[in-house]
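Undergrad: Attaching a single structure in structure tokens format; questions to follow.
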Amino acid sequence: MSEFTVEVFTLLGVALLVIGLRTYVRLTTVGIKGFQADDYLMLVAAVAYTVETYLAYAVGAFWKGLANNAMTDEQRRLLDPNSEEFRFRVNGSKTQVAGWSTYTFLLWVIKAAMCTFYLRLTEGLEYRKRIFVGFVMLFVTWVAVLLSILVSCLPFEKNWQIYPDPGNSCQPAIARVEIFVTLSLNAVTDIYLMTIPIPMLLGASMKRFRKIGLTLLFSGGAFVTVAGMLRCILILTDPANGAQQAASWAVRETFVAVLTSNLPMCVPLINRWGRPLLGSLRSLKSMTGRTTRSGRPDPRPGAFRLEDKNPRRGLGLRSVNPITDISISEVELNGLPYVHQQEDVWSRSDPDPERGLDENGATRNGFILKQTSLQVSEARNNAIDTGRGGGDYGDYYLVQQAKKSAAASEGSPPGRSWKGSGVNRYGGRSP
């Protein structure tokens, strides 16, 4: 019983949360003045689902899963009307009648809300005639189901009669009339309601995956029908525990109905809340998922890898301190992306007003700017490409570049060197 209690109240919490999210979406998009009939019907469904959950809990917690079924004639005759079991069976049977009524009311309220939603969705389209037919069908079928519960056993008090045996139609936990009428009409209405939005979605011009997802959402009636069939099969095959089975599966079936009927309205909110998460996942994938031809992942998004193109690959590098893995990435400078593209040395004779520097290499605020960057490139002598010479000139080129950089640094004013200026991606020079 404790497991069942946890289950039903967990389902109740999730169902109320989904209805709350749907209401929040409507409040933030149209406001309370823009509420339509389906919005109010879903609030009614929230109350009905709460009542149904309490009744299902009461069947097991208060009445021990007992009703006026699963008894022999001898047991009925010998049962003391003043005993606790007699009271449990009578009250359990009454709860079953109330549970059946609440269960069917909740399902048909949800169907009416969906039909009203389709009416708003198809404004000005030819599908509206089918929706009006759906409203008529829902009203007629709900009256038929309600009559099967209330008038299939007369007088009405026989629904909780113990002795003599009132017959199957007066045993609400396992009454076949109620089971088959509810199951058949529930399936017919669900299938009809699914035929309204699905043709529109299949003919709409949208991405395939989005179309498939929305079609599955609006096909929730199929899941409700399957749950109702399982409920009826379990009740009929296990009449001894029929009361508890009926209560348990009624809650599960209506939970599926609440979920599938409200999720389509929550799609905008799910997209809004899930977009930052999806963006983070894409960034993480770009950081860890990309690999180079050497099989090593890129160090970070937007980075470039200088790979070893030495023709002596496999025979070892010539450099004493080889640089095997260098990444050049974008940095933020004054709020704009900046990419180092070349090396430049500031000199006293070459002030640059565009950078905001005076002749001493200082800013207007009196600060001395110093930025040091390292640019490593790899090249080969043309003689190698043309076949006019031999040998690997890659290491020689790096050494010469280092010497030039050192000589340029010595020629700049001490403490006022400026290196690494370049051109940003927007075409202007960046300090």
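From the backbone N, Cα and C atoms, a Cβ is placed for every residue, glycine too.
Marked as compositional bias 'Basic and acidic residues' by TrEMBL: 295-311, 344-358. The domain 'Rhodopsin' feature in TrEMBL is assigned to 21-272. For 286-316, 344-366, 403-431, the entry in TrEMBL reads region 'Disordered'. The annotation transmembrane segment is assigned in TrEMBL to 6-25, 40-63, 97-119, 131-151, 179-202, 214-236.
So that I understand the layout, could you describe where these features sit and how close they are to other parts?
TA: Residues 36-38, 41-42, 44-45, 48-49, 51-52, 55-56, 59, 127-128, 131, 134-135, 138, 141-142, 145-146, 149-150, 159-160, 172, 178, 182, 186, 189-190, 193, 196-197, 224, 246-247, 250, 253-254, 257-258, 261, 264-265 of the same chain lie 6+ residues outside the transmembrane segment (97-119) yet bring a C-beta within less than 8 angstroms of a C-beta in it.
Through the fold, the transmembrane segment (131-151) approaches residues 97, 100-101, 104-105, 108, 111-112, 115, 118-119, 122, 172, 177-178, 181-182, 185-186, 188-189, 192-193, 196 of its own chain, all at least 6 residues removed from its boundaries and within a Cβ separation under 8 Å.
Same-chain residues lying 6 or more positions outside the transmembrane segment (214-236) and placing a CB less than 8 Å from one of its CB atoms are 107, 173-174, 176, 179-180, 182-183, 186-187, 190-191, 193-194, 197-198, 201-202, 242, 245-246, 249-250, 252-253, 256-257, 259-261, 263-264, 267.
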